[in-house]
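Engineer: This structure is in structure tokens; I'll ask about it shortly.
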């Protein structure tokens, strides 16, 4: 598929996703409020991590390894920055590549597993990686993490203010969205065949393991970039920032927003991160609200909020009037 043909096949919802992310660039110019800027950063990081989950769900895989790949990308970027390479492009490349490199052999081992076995292995992988971070203080700082990470730079510009950190997070989210768009447009039919009926797809000559490996590696790289964005926001890389429990939230963002489209990951992340912050003042009730919302949406709208909106819009579109039959002129 040529680049021109790929651009023609990009759905309106994908372009809308990029437009929403770019619209966040207005926020730093509208307010300097720390809470608002922090919330914006958290939304953008959640979007990037949710895109990793979106890719996995497109292949009918439920992965709890997103925080592990985030930790790999975040720590790799932090070590690179401390070594003196603070260029933003370099840090993005390191965060993506480091997580993708780890994902390749891991995928070769676990992608033949199915169902609960795959979920369990990815969950254990995240737990083991977090334990390794704690137990290797000489490399990762252990329980102290890696503090005082140098800010990324872009030429002579040091990206160390709250406003510029938002722009870095936008950059990461947009790149992740474009990569996801390219992947799903290039291999969308193969992913759909695997999701619908893997046995039938393989009987027709489709090598499911090959395409799952590609998706798994790219999803790992995107999660690595999300880890870099999180480390850049916190100015430190700490193991408690990458717990396996956070996978539940990333999965929920995609399911509530809609697993079928990139826009679903964007909308779900925006709404739920905002709602979580709003209801956080209510203590234990916030977790109950989150769970109740997930149950309602999954039950009433299996395709998520975006899928529900598309369904409703399809119903309200005026039906085209049926053409009137032509009547031959009567000749006397």
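Quick reminder: no glycine exception, Cβ is built from N, Cα and C everywhere.
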Engineer: Between 64-82, 140-158, which stretch does TrEMBL give the note transmembrane segment?
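Structural biologist: Range annotated as transmembrane segment by TrEMBL: 64-82.
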Engineer: Between 37-57, 184-204, which stretch does TrEMBL give the note transmembrane segment?
Structural biologist: 37-57
Engineer: Count the CB pairs under 8 A between the transmembrane segment (247-275) and each of 12-31, 64-82, 214-235, then give me the winner.
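Structural biologist: The stretch with the most contacts is 12-31.
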